[in-house]
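Some notes on the structure that comes next.
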Amino acid sequence: MELLDGRALANELTQAQQMTVATLKQQGVTPKLVVVMVGDDPASAIYTQSKQRRATKIGMASELKRLSAETTEADLLAVVRQLNTDETVDGILVQLPLPKQINEDHIIRAIDPQKDVDGFSPVNIGRLWLNQPGLVACTPNGIMRLLAAHDIDVAGKNVVIVGRSNIVGRPLAALMLNANATVTIAHSRTADLKALTKTADILVAAIGKPHFFGIEDVKEGAVVVDVGINRLEDGTVTGDVDFEALKSHVSAMTPVPRGVGPMTITMLMDQTIEIAKERAKRG
Ligand code: NDP
């Protein structure tokens, strides 16, 4: 079995990003990512810190705007609009979830689609489904990069994606379709899931249920992408797939951790750098 090692690829890409950032800086443009966090959700704090750390590591400018849990929607909209107009800001990311008094859709819609590095805005999602250039959600983007780096061509393959969230399943389906795969999206209401997943040349598990998929769910020789991140009671992190059971059955598979996860932040940096490149071209 070929291990689809996301950490190794992420490390390689990070080094390349460091060099690109250095070149951009010589041209007078420092790529800048601003992460906005509202409230003090501990998981969000960890995610935002790791984004900050990565940005700093590759030489980018990064700023964390921490707003109180009582922030109103109007206040947050004002912050987003100010960032939209700030020429030095390339990427804007509002960490989700937001407190109840704020409508997430209103905020995501307010982010300038050209700075929407999470790729969640309706404009970017529309572009993605129209197969037009735009910013793409980072986890699905990372999956495509990881498969490509291992010369796994999705064209003509039966791809079954289990999970239909806006951040993983749906945008990944669009990317796969754009890359000429035949795509099926499954979810909790899918009838006879096992029969379906067994047809997959490439199976993507993104449901958030530890070890849900075993040998009886997967065709021999298939490629398996495990997006799930599940923290068990003993503190260990595991995916949606039974890695040990499947490793002698499939042709390639991502581990958890060190598979899809490390690619997500790497794609966030990549998109921010791409936006900064456009800024450098404008001069
Ligand atoms: P959501 O909870 O938003 O979506 C889960 C999806 O799985 C839903 O579409 C749901 O169906 C489906 N589902 C749940 N149970 C079943 C089941 N028994 N059979 C079939 N389908 C099922 O999750 P996310 O997409 O946000 O995340 C999925 C997993 O990926 C999580 O473990 C998360 O931590 C991880 N993740 C990892 C990332 C990374 O960087 N590696 C990034 C983002 C997420 P329905 O729509 O019908 O409810």
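Using N, Cα and C of the backbone, Cβ positions are placed for all residues, glycine too.
These figures come from a predicted structure and were not determined experimentally.
Database features, via TrEMBL:
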- G163, R164, S165, I229: NADP(+) binding site (BINDING)
- 4-118: domain 'Tetrahydrofolate dehydrogenase/cyclohydrolase catalytic' (DOMAIN)
- 137-279: domain 'Tetrahydrofolate dehydrogenase/cyclohydrolase NAD(P)-binding' (DOMAIN)
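Residue pairs drawn from G163, R164, S165, I229, the listed NADP(+) binders, are separated by up to 16 Å at the Cα level. Its own atom aside, the Cβ of I229 (NADP(+) binding site) has 17 Cβ atoms within 10 angstroms in the protein chains shown. The Cβ of G163 (NADP(+) binding site) has G169, I185, A186, H187, V204, A205, A206, I207, G208, V227 as same-chain neighbours under 8 Å, each 6 or more residues away in sequence. The local packing around S165 (NADP(+) binding site), expressed as other Cβ atoms within 10 Å of its Cβ over all shown chains, amounts to 16. The predicted model assigns the domain 'Tetrahydrofolate dehydrogenase/cyclohydrolase NAD(P)-binding' (137-279) a mean pLDDT of 98.
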